[in-house]
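Chemist: According to Swiss-Prot, the protein has these features:
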- CYS15, CYS18, CYS21, CYS213: [4Fe-4S] cluster 1 binding site (BINDING)
- CYS25, CYS194, CYS197, CYS209: [4Fe-4S] cluster 2 binding site (BINDING)
- CYS134, CYS137, CYS142, CYS177: [4Fe-4S] cluster 3 binding site (BINDING)
- CYS146, CYS167, CYS173: [3Fe-4S] cluster binding site (BINDING)
- 6-35: domain '4Fe-4S ferredoxin-type 1' (DOMAIN)
- 125-156: domain '4Fe-4S ferredoxin-type 2' (DOMAIN)
- 158-187: domain '4Fe-4S ferredoxin-type 3' (DOMAIN)
Amino acid sequence: MSQRQVAYVFDLNKCIGCHTCTMACKQLWTNRDGREYMYWNNVETRPGKGYPKNWEGKGGGFDQEGKLKTNGIIPIMADYGGRIGDFNLNEVLLEGKADQVVPHEKATWGPNWDEDEGKGEFPNNHSFYLPRICNHCSNPACLAACPTKAIYKRPEDGIVVVDQTRCRGYRYCVKACPYGKMYFNLQKGKSEKCIGCYPRVEKGEAPACVKQCSGRIRFWGYRDDKNGPIYKLVEQWKVALPLHAEYGTEPNVFYVPPMNTTPPPFEEDGRLGDKPRIPIEDLEALFGPGVKQALATLGGEMAKRRKAQASELTDILIGFTNKDRYGV
């Protein structure tokens, strides 16, 4: 068990889908050595199939009795987009068998394949962005599934890491993670994942995806720091919710659900209806039954600000400075 736990809060009302977080992570950690297909950080358009494709249906996690599920599957490479970066260079440059450099395989999926598609028909369509990283769970299924004890939680901060010297490449962890955030390096024969940028954390720096976020949607810190934004958003105000808590892994990435600030959908007669554009049931399927109360709290605090009244919650969510948004 870790002595303390770092956690994240992502405010989905501020995410603009710019993928700066993804590129920061990609350039730092996964642009070489068999990691080309890996996106430890990715930003999905929801509703959508996500990355890897249909990850919500891959199984894994724990059952209601707390037992590790054994029904998880290992996504095939096509679910990630195929052999990314694998081109016919030999045929074109050395053998003269082709005139144009193209991938060996035609991609049928990728990390942004269904970007901005969402759900519904214009003008009643809707979508929002969902950034995803490893949840650094308090009860990680990947750890429970590993027979070589290669996966552990760092005692000082709860970050989940893989000991590469102990990993034997059995991929039970890939099957067990219900979020599809454990990857297998085919070149090295080892499992790899987001490491929470712990080399940066040890130097007092925030993770790269947090530090580079253009929309300032990311909050980061210790869960038990009562003066920090994580504790206040998760425990005090209860507006930040875990993704698929029913998986039983106790994730430490939380989300402020998107508010329905856009006009409601049109009725058949052309008038604006009274239903929210993003169906509440869609949000509850992701973030659980606390969505309605979280949205009600957010709406109430925003109403106070429109009346020129003070609101601690909106001040926290604005995150005026880096110090306001993160720190350990």
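Quick reminder: no glycine exception, Cβ is built from N, Cα and C everywhere.
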Chemist: Using a Cβ-Cβ cut-off of under 8 Å, list the residues of the same chain that are 6+ residues beyond the ends of the domain '4Fe-4S ferredoxin-type 3' (158-187) and lie near it.
Modeler: 2, 4-6, 33-35, 37-38, 40, 50-52, 55, 58-61, 68-70, 72-75, 132-138, 140-152, 193-196, 198, 201, 243-244, 247, 249, 251-252
Chemist: For the recorded [4Fe-4S] cluster 2 site, whose residues are CYS25, CYS194, CYS197, CYS209, find every other residue on that chain with a C-beta no more than 8 angstroms from the centre of their C-beta atoms, and list them by sequence position.
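Modeler: So the additional residues around the site are CYS21, ALA24, LEU28, TRP29, TRP40, ASN41, ILE133, ILE195, GLY196, PRO207, ALA208, VAL210.
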Chemist: Across all protein chains in the structure, which of the binding-site residues CYS15, CYS137, CYS142, CYS177, CYS194 has the highest Cβ count within 10 Å?
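Modeler: The largest 10 Å Cβ neighbour count belongs to CYS177.
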Chemist: Any idea what the model's mean pLDDT is for the domain '4Fe-4S ferredoxin-type 3' (158-187)?
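Modeler: Mean model confidence (pLDDT) across the domain '4Fe-4S ferredoxin-type 3' (158-187) is 98.
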Chemist: Compute the C-alpha separation of CYS197 ([4Fe-4S] cluster 2 binding site) from CYS134 ([4Fe-4S] cluster 3 binding site), stating it in Å without decimals.
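Modeler: Counting only the Cα atoms, the answer is 11 Å.
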Chemist: Can you name the binding-site residues among CYS18, CYS21, CYS134, CYS194, CYS209, CYS213 whose CA is within 10 A of the CA of CYS173 ([3Fe-4S] cluster binding site)?
Modeler: none
Chemist: Between the binding-site residues CYS25, CYS167, where is the Cβ count within 10 Å the lowest?
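Modeler: Counting other Cβ atoms within 10 Å of each of the binding-site residues CYS25, CYS167, the minimum falls on CYS167.
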Chemist: Given the recorded [4Fe-4S] cluster 3 site (CYS134, CYS137, CYS142, CYS177), which additional residues of the same chain have their Cβ within 8 Å of the Cβ centre, ordered by sequence?
Modeler: ASN135, HIS136, PRO140, ALA141, LEU143, VAL160, CYS173, ALA176, TYR179, LYS181, MET182, LYS193, THR249
